[in-house]
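A.B. asks: Quick paste from TrEMBL:
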- Asp81: active site, proton donor (ACT_SITE)
- His82, His176, His204: Zn(2+) 1 binding site (BINDING)
- Asp103, Glu133: Zn(2+) 2 binding site (BINDING)
- Gly177, Gly205, Ser206, Ser207, Asn226, Val227, Gly228, Thr229: dihydroxyacetone phosphate binding site (BINDING)
Amino acid sequence: MLVNPYVILKDAKDNNYGVGSFNVLNIELAKAVIEAAENLNQDVMLQITDSALSWIGLDYFLPGLIEVAKKSKIKIAIHYDHVYDIEHFQKNVIQGFTSGMYDGSKLAFDENVNNSLIARNLTTSKNIFLELEIGVIGGKEDSKISQEDLANEEQIIKFYELTKPDALAAAFGTAHGVYKNEVKINFDLIKNLNQKLDTFLVLHGSSGLSEQLIKKSIASGISKVNVGTDLLIVYNKAIKEYFRNYPNEYDIRKINQYAIDLVKEEVTKYLMWFK
């Protein structure tokens, strides 16, 4: 069933569990996520970044996802993720997504607010769920992020009050990509925001986190847990492993199915952690 993620996230917040939101760059990853979630009878979100959508093409990918979601026995939301260009957001989020994230976190505070309000007005009129971001989360390899880039609690609350997003991402200590150093999540910030704000908190950069850190994040107030990099790592390793075992294989159905099966195992692991 294709849904607005509010219904999924509301139940998660009320019952203290997390909703998995998985980045899918192709049909194979989407198939793996949906099948894993259906096997566990666990609602899920599929998310496509703006850059991924530009690569694969909206018309090639989104209509098929929508139809599969509609026919699924579980609730599935389809989320337009990390859209930095407000014009891209306005053009594409209304093409069938039930949720979208405008990301103005790299902009000055006032410009982020102004663009976020444009996104807010559009999504409200179309009954589309809106996620916004304040403070630079960045990449795990990015050493250029300064303390000034990381929004403090006062700034986050001010941003929320001005923009009123349905979901809010902030710099809680995680990052996108592959971790090279110890992760230090600001659980106190998550707890305080969860108590003070009427929104769903989002943990970006969850790939590579331990089960303990993810469960503690959810217990502190995280409702939406984003996973992307780990699926790509598993998928790529599976393809390489398959060709080591079957170097002369050319049937991409067999090759991709092997990768799908291993990604399903990875997704299942995360979904079990989120319960």
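Just so you know, glycine gets a Cβ as well, placed from its N, Cα and C.
All annotation found in TrEMBL is predicted automatically rather than curated by experts.
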A.B. asks: Looking at the recorded positions Asp81, His82, Asp103, Glu133, His204, which ones sit with their CA no more than 10 Å from the CA of Val227 (dihydroxyacetone phosphate binding site)?
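C.D. replies: Among Asp81, His82, Asp103, Glu133, His204, the ones whose Cα sits within 10 Å of that of Val227 (dihydroxyacetone phosphate binding site) are His204.
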A.B. asks: Taking only the Cα atoms, work out how far Asp103 (Zn(2+) 2 binding site) lies from Asn226 (dihydroxyacetone phosphate binding site), in Å, as a whole number.
C.D. replies: 15
A.B. asks: Between Ser206 (dihydroxyacetone phosphate binding site) and Asp81 (active site, proton donor), how many Å separate their Cα atoms?
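C.D. replies: So the Cα of Asp81 (active site, proton donor) lies 15 Å away from that of Ser206 (dihydroxyacetone phosphate binding site).
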A.B. asks: When you measure from the Cβ of Asp103 (Zn(2+) 2 binding site), how many other Cβ atoms are you left with inside 10 Å?
C.D. replies: 27
A.B. asks: Could you state the CA-to-CA distance between Asn226 (dihydroxyacetone phosphate binding site) and Asp81 (active site, proton donor) to the nearest Å?
C.D. replies: 10
